[in-house]
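What follows is a short report on a single structure.
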């Protein structure tokens, strides 16, 4: 049930007045001056801004405040969404994306003809081909108006996905599923896992979008695990659970993102039934999470077993060439909105070399440059390092030194570092020395001869014997295994 438009605008005016009082006039003008109310339903408020950068900033810094203020206006509000104006979503047929040369918005569609839904996140893993004015709309759902899908961002397509060695196999499997549909049973279910910001969401949404383009009437649903839980809980509350489950079982392709967040015994039980029904009916299922199926310990064992029965593919961090291509595309996208933007190729290359973490870290770096460029147009590489130091440090591997390992092991076993380097063969010295050699081999790139030299000029065979000795003991000695884990944590904490 939607609020009357006049009432909605009055509520929005009251909210913006409160917001301005809370954050101050200067911050309000900078970040909320172009905020507009798009829609208010029974439990969801949708606000819009003109750019993806504004949306990301508001979502990252003011989402909780906006939700709090709207709930003061209406306690029934459960969620506040901030979207980019002119970009919409979701589950049935996809309109072709427009380029920045043809970015005029299409004529409005009446609510009876189409249902338009909010977009997902912007740059979120390797999704850098933003296109203004593009739209993905959904055919009206059943007479109840029920909508199954989570936001599907039209910028997340195979064309805008930056491929490379770290994701090429997963991309090939994703394309096969999107093109072959239910005939791609050898990939069923397909499970894609990766750390945050490496392109899982982009890849999953690209599958859904391509499947819709391939077959206009395809029954495709993209869901996040959290959205599934929310919809299921809402359906139970409204005595509509049976209808909700029947709708989900009557689809051709189910795409589930962030599976690690699926919680609750009853909800997992229902999801297990859904998974079994779809797989047994040769319907395609694609799932993504931040770890492999076997490591999702919070999931019901039956769900894990089903997920392990398909193909699991890992997406790794992007290499330098991929990172540079992401930045180039992101700059081209930003220039569609502001042609005066100019970040030199040498700056982009430097950022690609130094920010080696996830795509989201790369986006954060780019947004920093974009923000600074407006009042520091001739930014230098030294200044870039200063601005992005927190990101470059986070992306660098920790440097672990053998001397630090020796110091921490000696302190733990209450011996001196000189004892570790000496020729003494007493039991109280031999064990710590072997542990230190083992950790040096496991935690540093040093060769066996180099480690031997650092331990009083010992031969490499002595180091090899120590490593094998500890490896043999650790399987049967729980106390030793715990000691090694503790020592590893201490060493990592001290690493630069």
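Using the three backbone atoms N, Cα and C, a Cβ is placed for every residue, glycine included.
Swiss-Prot lists 1-76 with the feature region 'Domain I, interacts with DnaA modulators', giving sequence analysis as the kind of evidence. According to Swiss-Prot, the feature region 'Domain II' maps to 76-150. The region 'Domain III, AAA+ region' annotation in Swiss-Prot covers 151-373, and the record cites sequence analysis as its basis. Here Swiss-Prot flags 197, 199, 200, 201 as ATP binding site. Residues or ranges marked as region 'Domain IV, binds dsDNA' in Swiss-Prot (evidence: sequence analysis): 374-496.
Counting other C-beta atoms within 10 Å of each candidate's C-beta, the binding-site residues 197, 199 are led by 199.
Helix, strand and coil counts under DSSP for the region 'Domain IV, binds dsDNA' (374-496) come to 86 helix, 0 strand, 37 coil.
In the structure as shown, the Cβ atom of residue 200 (ATP binding site) sits within 10 Å of 25 other Cβ atoms. Taking all protein chains in view, 25 other C-beta atoms sit within 10 angstroms of the C-beta of residue 201 (ATP binding site).
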